[in-house]
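For reference, Swiss-Prot has these:
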type     : residues                                   : note
ACT_SITE : 23                                         : active site
ACT_SITE : 71                                         : active site, proton acceptor
BINDING  : 23, 204                                    : Mg(2+) binding site
BINDING  : 24-28, 36, 40, 68-70, 72, 74, 185, 191-193 : substrate binding site
């Protein structure tokens, strides 16, 4: 009997870039009468598994929303724990990424991070900068509107007189990375919550009730299988699509 991963690989192309809002850590913990921080710890485990499975499938870019600009409003003890977990991941998990030829990038403002976290970010990005495997981008203290504004301000500061879509895109946090093909949100909510607003213009959206700590390889396979069944026309008619895409 074939595994779910093998079944996915026998269909059409795997999405080159997957973006994820990892929602549901707190609710996962609450259902088990555990403190919220335990949900975040299990969420980190789920991310590790997601990275491994994406690499196995052949996904080239994985971008996850870890901490938004709005998340600073959460209880102080929870924010403190999240920052500590972030630093722990930078210090320990980055070695595994590097050993597997994966690159790590951190997207977002760095103004509110302490020196220890900033140092961890710089060292992690430098260590993996030349790796050529999967690129894992973690959005931390990030917001889609903020991203567009910071890009516009950089263009103004550099005196760019004419701004095109391509020009603006290069100044966004994702830089030269391709736009996401597939967006996944766990936890049952059906909105994009200020995440990659510009870059997700043509992404296929996939929402699931599964809470993030429970999102495993099979759940990812199901999301990719759903993506592969969709007809991505980008404004064209079905008849204008390549023959290979029409067959799928």
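Note that the numbers count up from 1, one per residue, in the order the chain is shown.
Using N, Cα and C of the backbone, Cβ positions are placed for all residues, glycine too.
For residue 204 (Mg(2+) binding site), other Cβ atoms within 10 Å of its Cβ number 18. Around residue 40 (substrate binding site), the same-chain residues six or more apart in sequence whose CB sits under 8 Å from its CB are 25, 26, 81, 82, 85, listed in sequence order. Fewest Cβ neighbours within 10 Å among the binding-site residues 24, 26: this applies to 26. Long-range Cβ proximity for residue 72 (substrate binding site), meaning a same-chain Cβ under 8 A and a gap of 6 or more residues, is found for 79, 112, 141. Ranking the recorded positions 23, 28, 185, 192, 204 by Cα distance from residue 71 (active site, proton acceptor) puts 23 first. Cβ neighbour count for the residue listed as 'active site': 24 (other Cβ atoms within 10 Å of its Cβ, all protein chains included).
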